[in-house]
Amino acid sequence: MTAVIHPDIRPRINSVASDDLNAAERERIRAKSALFAPPEARLADGRRDLVGLSREELAALMTEIGEKPFRAKQLWHWIYHQGATDFSAMTTIAKPMQAKLAEHFVVSRPTTATEQTSVDETRKFLFRFRDGQEAETVYIPDRREDRGAVCISSQVGCTLSCTFCHTGTQKLVRNLGPAEIVGQFMAARDSYGEWPSPSADMPRYLSTIVLMGMGEPLYNYENVAKAMRIIMDGEGIALSRRRITLSTSGVVPMMDRCGDELGINLAISLHAVTNELRDQIVPLNRKYPIEELIAACRRYPAASNSRRITFEYIMLRGVNDSEADARELVRLIRDLPAKVNLIPFNPWPGSDFQPSTRQQLTKFANIVMDAGFASPIRTPRGQDILAACGQLKTESERQRRSATPEA
């Protein structure tokens, strides 16, 4: 059944284009984000988790236990370059110091609750965190090039309620902390044995990060930014900012900050070319309409002809896939360094949408391509394990609901 989109009669919130309003809105987002803060990264016995701490925080902890700050540099190397989780494996640190570190600290990973591998070799991890909450991470291999992307979650659940997205049916529980965000990538590396970190001239199986998992990363910006700085540090995991892409549904006030401070690649979950439709399928549009979103894209400092903004567009049959939609999309992005990823809708239990026909996908792609924009049609990956775009939702929640007896 094709979903029916009803016109929205709610008034649109006024523009937040001015600097003062943007600053006020960023503060509002920060305050709201704090309500969903992750738990402190500390064990019940009081030991502190060292994963997710900045270099400065590591140095301060060393001072607290009576050690020289240079110990932080040693720990950084062992934690993020070597991937060590046991202090006794840190052979450049004397044994008495290893014991002292183990008394005060841990180097942890999220627990792998389940791990599934698709027929196309896509692998989905359900990671469980210290408080029992869970999020999904997906590794998408490109065997032709011996490389692959790690799709990382930034929140448990999501607050956006996009109507075509499975994650949107799971309410936001909380934000993930830096240790939990970095930990997803580190645990995936553990699974593939990719330690120590490969040098710049060596191939990496886990070669890129896409912040396209569960949650809206710009609604958890502080924790995401801290995690990405750790991952980009040249003496640790050392993943270039050019190999990291953040996907947002359009949290306009935070886009400038992300570009200025992180300079990572930007992807926009667009999915509609009119405010009337986008208000319905991406409700965040009611706060930050398309005009403001495109203006923020024009300002994004990391965008260039060599680092184009990616516009993600899930093709929904009879909803957003007409030739007129394609022409309007071209008009919207006409002065941007951009490419368009056309994504066939990936069905999930309970959804009313249907994927566009192959013929309509091709027509749409050709219109965009003829206007000078790359418009590949994405090949669905991991559909059989609900790991494809728009399908993520913690499997444990689904299992619990199906196993709960009726009263």
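Including glycine, each Cβ sits where the backbone N, Cα and C put it.
Over all protein chains present, the Cβ of GLU136 (active site, proton acceptor) has 27 other Cβ atoms lying within 10 Å. The active site, proton acceptor annotation in Swiss-Prot covers GLU136.
For CYS389, the entry in Swiss-Prot reads active site, S-methylcysteine intermediate, with the evidence type sequence analysis.
The [4Fe-4S] cluster binding site annotation in Swiss-Prot covers CYS158, CYS162, CYS165. Following the DSSP three-state reduction, the secondary structure of CYS158 ([4Fe-4S] cluster binding site) is strand.
Its Cβ placed at the centre, ASN346 (S-adenosyl-L-methionine binding site) has 23 other Cβ atoms within 10 Å. Annotated S-adenosyl-L-methionine binding site per Swiss-Prot: GLY215, GLU216, SER247, SER269, LEU270, HIS271, ASN346, in sequence order, evidence recorded as sequence analysis.
DSSP classifies CYS151 (disulfide bond) as strand under the three-state reduction. Long-range C-beta contacts of CYS151 (disulfide bond), restricted to its own chain and to partners at least six residues apart, with a cutoff below 8 Å, comprise THR137, VAL138, TYR139, ILE140, VAL210, MET212, GLY213. Residues annotated as disulfide bond in Swiss-Prot, with sequence analysis given as evidence: CYS151-CYS389.
Swiss-Prot lists 144-378 with the feature domain 'Radical SAM core', giving sequence analysis as the kind of evidence.
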Q. Going by C-alpha positions, which of the binding-site residues (CYS162, GLY215, SER247, SER269) is nearest GLU136 (active site, proton acceptor)?
A. GLY215
Q: Report the nearest neighbour of GLU216 (S-adenosyl-L-methionine binding site) in space among the binding-site residues CYS158, CYS162, CYS165, comparing Cα positions.
A: CYS158
Q | Mean of the pLDDT scores, which run from 0 to 100, over the domain 'Radical SAM core' (144-378) | A | 94
(Q) Can you give me the Cα-Cα distance between LEU270 (S-adenosyl-L-methionine binding site) and CYS165 ([4Fe-4S] cluster binding site) in Å, rounded to a whole number? (A) 13
Q) Between the binding-site residues CYS158, CYS162, CYS165, LEU270, where is the Cβ count within 10 Å the lowest? A) CYS162
Q) Once near-sequence residues are set aside, which residues in the chain of SER269 (S-adenosyl-L-methionine binding site), 6 or more away, have Cβ atoms under 8 Å from its Cβ? A) CYS162, SER247, THR248, SER249, GLY250, VAL282, GLU312
